[in-house]
Amino acid sequence: MQVPFVKMHGLGNDFVVLDGRVSPLPPMDAALASALAHRHLGIGCDQLVVLEPSSVADFKARFFNADGSESGACGNASRAIGLLHGQPARIETLGGILHATPTDAGISVDMGEPRFDWDAIPLAYAMDTLTMPVGWEELDGPTAVNVGNPHVIFFTPDCHAVPMDRLGPIIEHDPLFPERVNVNVATVESRSAIRLRVWERGAGLTLACGTGACATAVGAMRRGLVDRDVRVTLPGGTLRIQWGADNRITMTGPATESFRGSFELANYR
Ligand SMILES: N[C@@H](CCC[C@H](N)C(=O)O)C(=O)O
């Protein structure tokens, strides 16, 4: 069975998109997702995105990390599939219904409302999520935000000095986070600018993480460090994040289609 795909990225965070609305897809599972995502044995990507028909929105999007685990949200992929759709779209995800709109400034996505309760992150036990009384070596006192997926955010004077290759996986797999966690290290540069690096759950260090930018911006806003309209710069580029009076987060930035192809399913089963 030949399966068509579209290779896309948002700020260098790259995706293989399978569109079940245009051709029949094989049932997706962790083994197939991780085989397709493998950089040497597969097509290669940070996340695999599967589009399916929806009864409550224009279509449904499922996001699989490179290790095969499924996530409730992926900000950069949401902009990418907004670009693919080419017109305003209501997208059903495990994390809720998103709205993606093409604009002159890129693809704008209404990412929904953040959650801060300890059991919504989720954490293993009750604690304050604004300033958590925990730490790992030089990283401590983080804040936690769920934006459809779980994030922990450390504010640090120089996020580029943090050894993320070492600390990222330790924090991602800490028992405090029963569903694991995306690990963000951020430097606040002004009331409207944040620099960010993200160790993604199930994918490792990526060039950009859209939900990480949303969670970090909202965490910094909640702490009173920045205004409610900021630019978040990651290694792959910059996103604009706004947190409205209606409690909804809007993320705006670029998305790109790289190429289209197809693969033989039997080679990955
Ligand atoms: N790259 C993403 C996030 C993908 C999912 C994440 N790794 C998770 O497991 O929650 C983004 O742009 O938001």
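Placement of Cβ uses the backbone N, Cα and C atoms for every residue, glycine included.
What TrEMBL records for ASN13, GLN47, ASN65, GLY75, ASN76, ASN149, ASN182, GLU200, ARG201, GLY210, THR211 is substrate binding site. Feature annotation from TrEMBL assigns active site to CYS74. TrEMBL lists CYS74 with the feature active site, proton donor. The feature active site, proton acceptor is assigned by TrEMBL to CYS209.
Shown on the structure are the features that TrEMBL records.
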| residue | record | Cβ neighbours (10 Å) |
| --- | --- | --- |
| ASN13 | substrate binding site | 30 |
| ASN65 | substrate binding site | 24 |
| CYS74 | active site | 30 |
| ASN76 | substrate binding site | 34 |
| ASN182 | substrate binding site | 30 |
| ARG201 | substrate binding site | 24 |
| CYS209 | active site, proton acceptor | 34 |
| THR211 | substrate binding site | 31 |
Point to revise | Those recorded positions, out of ASN182, ARG201, CYS209, that come within 10 angstroms of CYS74 (active site) at the Cα | key: CYS209
**Study point:** Among the substrate-binding set ASN13, GLN47, ASN65, GLY75, ASN76, ASN149, ASN182, GLU200, ARG201, GLY210, THR211, as the record gives it, the longest Cα-Cα distance in Å
**Key:** 16
**Study point:** Nearest-integer angstrom distance between the alpha carbons (Cα) of ASN182 (substrate binding site) and CYS209 (active site, proton acceptor)
**Key:** 9
Revision key, fill the gap. One should report the C-alpha separation between ASN13 (substrate binding site) and CYS209 (active site, proton acceptor), rounded to whole angstrom, as 7
Review point. Taking the center of the Cβ atoms of ASN13, GLN47, ASN65, GLY75, ASN76, ASN149, ASN182, GLU200, ARG201, GLY210, THR211 at the recorded substrate site, which other residues in this chain have a Cβ no more than 8 Å from that point?
Key: ASP46, PHE63, SER71, ALA73, CYS74, ALA77, VAL198, ALA203, THR206, CYS209, GLY212
Practice item. Rounded to the nearest Å, what's the C-alpha distance separating ASN65 (substrate binding site) and CYS209 (active site, proton acceptor)? Just drop the number here, would you? Key: 12
Exercise for review: Work out how many Å separate CYS209 (active site, proton acceptor) and ASN76 (substrate binding site) at their Cα atoms, rounded off.
Suggested key: 6
